[in-house]
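**Student:** Sending over a structure as structure tokens; questions will come in a sec.
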Amino acid sequence: MANYFNTLTFIEKLKHLGKCRFMSNNEFSNGIQALLSKKVAIIGCGSQGLNQGLNMRDSGVNITYALRRESILNKQESWARATRNGFPVGTYDEIIPKSDVVINLTPDKCHTSVIRQIEPLMKHGSTLGYSHGFHIVEVGEKIRQDITVIMVAPKCPGTEVRQEYQRGFGVPALIAVHEENDTYDMGMTLAKSWAFALGSHRAGVLESSFVAEVKSDLMGEQTILCGMLQAGSILCFDYMISNGVNAAYAGKFIQCGWEVITEALKQGGITLMMDRLSNASKIRAFILSEKLKNILKPVFEKHMENILNGVFSKEMMLDWENNDSKLLKWREKTSQLPLEQAPNYQQEILEQTYFDYGILMVAIIKSGIELSFDTMIKSGIAPESAYYESLHELPLIANTIARKKLYEMNMVISDTAEYGNYLFCDKVVPLLKKTIIPNLRTGDLGMSPKNVNVDNIVLRNTNDMIRNHTIEKVGIQLRSYMQNMKSLSFN
């Protein structure tokens, strides 16, 4: 099999990368109708598998789990999750031949093996669903022509897919039909019903392509969504400790600070996040952000280049063949970080304190979002896709860190995201330790900032540059469709 993206012509690549259309609410007026009469099987009961199944069942879809025979016989975790939640469970041989729609929500590394087992069992004219296009685009799997291939990709980990649904809202999603596999012209109808069943129609759905989803998703998760949060957590915690801050307090400040600060992004983008700072702190955060962008721009661009040309995927798949040697080494290294070992801090930290004492964290968030967004746009990815992958999903990832630090984030994101996160951190942490950390001022993190005079012209220009960035203009439009988005309360 050959990387699908690399087989396309230059013009075809641009067409696939740029495919993006925001779908109106009335396009989902039929709800789950297209799935009501269908037997839907989900393969895999991990974070995405379980939580998508719960949402779909609550929306009225008939869901069954198809699991490996060994998983059922040995009562492994996937079997336990499905049965504990009252779902019917069966083997591939028992479930797949009867299913109209088969949704493959196993890890990327398992897809080739899974498809080899289930494709001969799938009935003529059935549908195969994915929530990430890696297997189609990067591995280059060719699916039987009579099978319709669709994708609904929620823009967050599975845990947040469920939590946002239970709040009466949902998470944005990209949906797509693989144009090589839509013989009956039914793919989009089924994808819309699936997205509706997840609750994504309440948050915003983009009609996209498998290519655009994969390339933007890989870029977002490697850089701002996971990579910058992990690198920032390591750097900020170590800096606070080196300045005499209590380890328990520093641990809670970092662990919960990302969630508190990024919650402002959901309601008002970078502008609102920066407005939570004092005028002097806003100017300082802006200056730090610009320095970070100048230093990190080549790193972001190299990651995008390796995602587009397939180098990243090739290297990661080699690690799969080596029994995840690199991934497991990085995972163990992360578990031993001083931040992960820090004792719990029992006292409350007020919401505003995270902004007042977290100027560096705000700068890290701002720079990472803008760099990720700008790099994607330059590569041909549509602004709306880039927004979801760089800004909107960030608070949902930060929520996972607030639960159990970096361990929780890395457990609920995919192995693909986790691998890319570690790859990014290995470059960025030493780079910023040499360039940014030695030049921080008292008050940039963990301590009260100094009182300084504010120049009106500088403040005006700073506000203009924040508000006129393209991501802020795109964000205003996309957030206008999220009228029922639920806010988190911290104090």
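Positions of Cβ are set from backbone N, Cα and C atoms, glycine also.
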**Student:** If Swiss-Prot says CYS45, GLY46, SER47, GLN48, SER78, GLY158 bind NADP(+), which of ARG68, ARG144, ARG167 does it name for the same site?
**Tutor:** ARG68
**Student:** May I ask you to find which of ASP217, ASP238, ASP275 Swiss-Prot records for the Mg(2+) 2 site already listed with GLU389, GLU393?
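**Tutor:** The candidate from ASP217, ASP238, ASP275 that Swiss-Prot ties to Mg(2+) 2 along with GLU389, GLU393 is ASP217.
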**Student:** Pairwise over CYS45, GLY46, SER47, GLN48, ARG68, SER78, GLY158, annotated as binding NADP(+), what's the top Cα to Cα distance to the nearest Å?
**Tutor:** 21
**Student:** Taking the centroid of the Cβ atoms of ASP217, GLU389, GLU393 (Mg(2+) 2 site), which other same-chain residues have Cβ within 8 Å of it?
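**Tutor:** Those within range, site residues removed, are LYS155, SER216, MET219, GLY220, GLU221, LEU225, TYR388, SER390.
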**Student:** Could you check the binding-site residues SER47, GLN48, SER78 and say which one's CB has the most other CB atoms within 10 Å?
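**Tutor:** That would be GLN48, with the highest Cβ count within 10 Å.
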**Student:** Within 10 Å of SER47 (NADP(+) binding site), Cα to Cα, which of the recorded positions HIS132, ASP217, GLU389, SER414 are there?
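**Tutor:** Those close enough are SER414.
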**Student:** With the cut-off set at 10 Å between Cβ atoms, which of these binding-site residues ends up with the most neighbours? Options: GLY46, GLY158.
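**Tutor:** It comes out as GLY158.
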